[in-house]
């Protein structure tokens with residue numbers, strides 16, 4: 001395990017600046033004294049686009065490659081046309097760094113606002129494919145803007161891409177106590193892509209006899225996320241279904257404000273990126289109202305990815321304890337929550 005961390009920091013837009021500052025505060029507090037943390041901040045996002053028209057210049061993309069990991073705050077602003085930052089920055093990073101795993105843990109923490117509160121058995125992970133599906137830009141339109149317009153959005157699925165994400169999901173399931181993996185797709189209608197996923201899943205399953213498996217159509221999975229979340233341990237699915245399911249998973253386990261995520265390159269060829277799921281919330285930016293918990297939990301994912309398991313667990317324990325003590329009667333600022341978590345992980 002490396003005894004130094006070279007971290008790229010992209011605060012981004014809106015509340016991103018505030019929550020990233022708290023994530024770094026907790027990171028500095030939890031690391032052992034013999035671990036050297038170096039950070040470099042990158043000015044990317046809406047303000048940069050307004051000033052220069054740049055989203056992610058090639059020079060900065062090249063510089064980002066040299067870091068061990070990336071911590072991202074939030075990207076997006078209503079003053080920027082939809083899709084400019086999403087495709088020009090976030091998706092460009094994801095594809096350039098081959099982040100083929102989007103990792104989204106879903107765990108019910110104590111004292112959280114959800115209709116499923118009081119069910120301690122909600123603890124699963126969604127492994128979403130990150131570089132294929134309908135997000136590759138494979139499509140187009142004819143006779144655009146006319147009553148006869150035709151639009152296509154093609155979902156790209158390759159045997160190579162599917163197998164590597166399925167294999168990663170089996171590895172994660174094998175390392176967890178329950179050792180269960182569920183494939184989610186819609187192979188009764190999406191027969192070509194669906195059969196590629198199911199056949200690959202079944203082939204790889206033969207190499208992991210210790211992992212129990214099952215399959216669900218995506219519509220059934222959405223029902224069970226709400227009615228039987230305890231049935232899930234690790235879930236693997238494609239890019240589009242995963243995008244939808246992970247937000248539902250966040251809702252049933254306490255809300256997007258507590259949801260962390262990792263865009264992972266498991267090979268280590270490129271740095272992985274970790275970020276809270278929530279948006280930039282420009283309506284509350286700069287007011288100290290943003291809860292940095294999701295960013296702090298993203299820091300835990302980052303540490304675990306880099307091999308700092310004990311430190312990651314301390315952050316998660318601190319978050320659990322902090323949430324358990326919240327009663328809603330006193331509103332704390334962003335800084336106050338970050339300070340409290342930093343004290344807990346350092347003690």
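Glycine is no exception: its Cβ is also placed from the backbone N, Cα and C atoms.
Owing to the predicted nature of the structure, the values given are computational and were not obtained by experimental measurement.
Straight from Swiss-Prot, the features:
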type	residues	note
BINDING	94, 104, 128, 219	substrate binding site
SITE	135	site 'Important for catalysis'
SITE	186	site 'Important for catalysis'
BINDING	219, 243, 247	Mg(2+) binding site
BINDING	279, 280, 281, 282, 283, 284, 285, 286, 287, 288, 289, 290, 291	NAD(+) binding site
Starting from each candidate's C-beta and looking 10 angstroms out, tell me which of the recorded positions 94, 128, 186, 289 has the most other C-beta atoms.
128
Does anything in the same chain, at least 6 positions from residue 135 (site 'Important for catalysis'), have a Cβ under 8 Å from its Cβ, and if so what?
91, 239, 240
DSSP three-state assignment (helix, strand or coil) for residue 94 (substrate binding site)
helix
CB contacts for residue 219 (substrate binding site) [other CB atoms within 10 A, all chains]:
11
Just how many other Cβ atoms lie inside 10 Å of the Cβ on residue 279 (NAD(+) binding site)?
15
Between residue 279 (NAD(+) binding site) and residue 219 (substrate binding site), what C-alpha distance do you get in Å?
26
Those recorded positions, out of 186, 247, 283, that come within 10 angstroms of residue 104 (substrate binding site) at the Cα:
247
For the binding-site residues 243, 247, 283, which Cβ has the most other Cβ atoms within 10 Å, all shown protein chains included?
243
At the Cα level, what's the spacing in Å between residue 285 (NAD(+) binding site) and residue 219 (substrate binding site), rounded?
36
Find the shortest Cα-Cα separation between residue 291 (NAD(+) binding site) and the recorded positions 186, 219, 243, and name the residue that gives it.
243
